[in-house]
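What follows is a set of notes on a single structure, which appears directly below.
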Amino acid sequence: MSRENQGPDEGGAEAPEQLALIRESVRKAKVPRAKPRTWRGAAVAGALPVARVLVDKGVLHLDRYFDYAVPEELDAVAQPGVRVRVRFGAGARNVRDGRREGGGLIDGFIVERCAESDYQGPLAALAQVVSPEPVLDERLLGLARAVADRYAGSLADVLQLAVPPRHARAEARESGEAPAPPDAPEPGSWRRYGHGAEFLGALASGGAPRAVWTALPGPEWAEEIARAVQATLASGRGALVVVPTGRPAARVDAALTELLGEGRHALLTADAGQEKRYGEWLAVRRGAVRAVVGTRAAMFAPVRDLGLVVIWDDGDSSHSDDHAPFPHVREVLELRASRDKCGFLLGSWSCTVEAAQLVESGWAAPLVAERDQVRAAAPLVRTVGDGDLARDEAARAARLPTLAWRAVREGLKHGPVLVQVPRRGYVPRLACERCREPARCRHCAGPLEARESTGALCCGWCGRDEAAWHCGACGGFRLRAQVVGARRTAEELGRAFPAVPVRTSGREQVLDTVPGAPALVVSTPGAEPVAEGGYAAALLLDGWAMLGRPDLRAGEDALRRWIGAASLVRPQGVGGTVVIVAEPTLRPVQALVRWDPVGHAVRELSERAELSFPPVSRMAAVSGTAEALSGFLAGAELPPDAVVLGPVPVAETTPGPSRRPGAAPPGEHWERVLIRVPPGSGAALAASLKTAQAARMARGARGVKGARGAGSSGGARGSKGAREAGAAADAVWIRVDPLDIG
DNA sequence: AGCACGCCGACT
DNA sequence: GTCGGCGTGCTC
């Protein structure tokens with residue numbers, strides 16, 4: 001049943017403007033098309049009087065547009081892409097005595113101007129055009145929609161990531177003119193790679209090459225990226241570079257300034273203020289700046305005539321957005337490269353399984369150096385395994401094997417020495433030092449943990465203290481336990497090498513660079529300072545801890561972090577040495593010794609294929625109460641080749657600073673299924689999940705609380721009885737490409 | 001989410 | 001008759 005408020009003057013041939021106010025609702029035969037009009041009888045735009053608006057209201061509407069009438073006075077500014085404010089809500093149609101009540105003002109974007117609407121009813125008018133700046137052009141909208149589809153998320157959620165909040169002062173400033181394109185660069189150190197010069201040449205001549213680039217260790221990568229950008233600019237196109245954090249962003253920024261001069265590129269990072277951020281973004285959108293380097297939010301930067309997208313170090317978890325629908329920079333840039341037919345460059349010292357897959361599928365070409373180039377650039381890597389440690393009683397007590405000791409002492413004669421220590425709290429699980437049997441609670445067999453505060457042993461499941469643990473398998477009573485933090489390692493090393501300054505770099509305080517003079521630099525992974533002239537040596541401690549995590553990516557991640565540290569060390573030709581304390585038979589350790597991250601990734605990839613694991617198969621996780629989950633699955637029309645794994649109980653909300661999205665709210669029991677589809681069915685899976693979710697929302701199921709950020713929780717649980725409790729219980733969380741599997 | 005509509009029981 | 005609680009459905 002439709003409830004049209006058709007006025008008496010309805011359906012005639014009168015001009016769209018100057019329509020009388022609608023009074024009481026009069027039911028009439030359906031009129032095929034609604035005429036735009038405004039409530040107070042104000043005039044509407046003559047041509048294209050309907051504005052199709054994307055209302056920015058989260059998960060509610062999924063991907064629907066709403067039509068509004070364009071008042072005459074807004075005709076000129078109400079162009080596609082501009083931000084608007086509109087009345088939205090049930091109250092908006094409460095028409096009595098010509099007064100509209102309720103229906104608050106909310107933000108939206110005009111997506112399109114049309115001659116008529118297919119909505120059968122009177123249109124409300126745009127309340128306000130916030131600014132004439134067309135921030136959401138067709139390209140960006142298309143990309144946002146593709147990302148929403150890929151991740152089974154809502155368009156509005158993606159737009160929140162893609163369009164920064166407006167800042168009026170920034171908008172008022174002129175952005176200036178785009179400078180003339182620079183000359184094409186010399187290949188420089190790109191010559192070290194088989195097809196490096198060729199790749200640059202293709203970019204400079206307007207081509208769209210796609211490459212997975214395994215960067216040689218050392219500091220040249222930033223300049224190499226800058227040269228690729230310059231080559232793209234030389235072709236008259238724009239370029240976009242996304243790096244994981246502010247530090248590498250600063251390096252690429254410096255390299256671009258060096259190569260292109262000031263003012264030819266924008267730096268888009270999270271720590272800039274809103275005004276600066278929006279100003280830079282606008283300069284990019286307006287075409288005044290053609291090159292962008294930034295962290296993950298920059299992946300949506302509206303670069304004009306995009307010719308190249310670059311992602312550096314795609315294995316870094318910072319590339320995964322932490323807002324719904326959790327898009328990953330690599331995936332978004334892949335979409336951009338495909339949609340805009342532009343070049344694509346994925347660079348890393350290491351290699352993810354996903355990168356290997358891009359090469360294997362033929363989507364991108366490998367961009368690698370010859371073996372002798374690798375040997376010339378990489379340090380010498382030596383291992384200290386369990387066997388060596390066992391034979392090395394004295395060193396064991398000091399946690400520093402003889403070989404490592406010697407490498408440090410030797411290195412310190414020639415320059416700074418890096419010591420990489422896993423972060424505290426990076427502990428996998430406690431195990432018997434002698435036989436490696438995991439340490440379990442004698443009551444419930446849960447994993448034993450060391451209490452944060454006291455270090456005392458307790459059970460991670462039942463919480464009981466364990467005062468006198470001994471190994472059930474071999475009777476040993478020593479645990480291989482906590483990773484010693486960077487600070488304590490620094491103290492120990494300071495005592496061992498009293499004449500040498502010791503510096504630490506970690507989460508709280510990250511050092512950017514250290515001088516080339518002899519010093520011990522103790523750092524957690526990812527926080528390693530760059531040393532002037534490179535480190536003379538590096539020591540990678542507690543490798544077992546890095547590998548011990550119950551995660552599909554543990555091996556790949558460990559190798560990435562080791563290579564990240566080892567890449568800061570001088571080449572072996574000038575004495576650069578790395579000592580890693582880890583079992584030399586383990587695959588990632590061997591890959592480090594051989595400096596073969598690609599081989600490692602390729603092997604992982606084939607194993608994942610055999611096991612039907614991502615990224616070969618695509619997975620999605622759906623979580624909620626048992627009831628909501630079964631209801632969702634019953635209603636979903638999954639692709640025929642989908643396999644549903646589970647449900648299994650969701651791990652209790654982890655006690656920690658950030659509650660993981662998809663974890664059960666406190667006091668609720670949630671379950672999770674993983675849904676897996678074979679290669680080629682990923683899009684169908686996402687579509688079916690989105691459809692099922694939309695259908696559920698349309699019926700009573702209330703939106704997922706906190707879908708827009710992990711924070712918000714329960715609401716008015718239990719207060720108003722079944723309705724609200726039922727609504728919360730109905731909600732399910734959907735995450736395509738969940739991170740924590742394995 | 002909000003909000004209005006409408007159905008049904010209770011009461012001046 | 002009419003008031004108001006709450007279940008249902010819509011938002012241009």
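Backbone N, Cα and C define each Cβ position, glycine as well.
Residue ranges A:167-191, A:317-341 are listed, and TrEMBL annotates A:167-191 among them as region 'Disordered'. Here the binding-site residues are A:Cys432, A:Cys441, A:Cys471, A:Cys474; the one with the fewest Cβ atoms within 10 Å of its Cβ is A:Cys474. In the three-state DSSP classification, A:Cys471 (Zn(2+) 1 binding site) falls within coil.
Within its own chain, the region 'Disordered' (A:167-191) has Cβ neighbours under 8 Å at 131, 133, 197, 199-201, 204, 220, 223-224, 227, 230-231, 233-236, 259-260, 263-264, 274-279, 282-283, 286-290, counting only residues six or more beyond its boundaries. The domain 'Primosomal protein N' 3' DNA-binding' (A:53-164): residue composition by secondary structure is 28 helix, 35 strand, 49 coil, according to DSSP. DSSP places the residues of the region 'Disordered' (A:167-191) in helix, strand and coil in these numbers: 9 helix, 0 strand, 16 coil.
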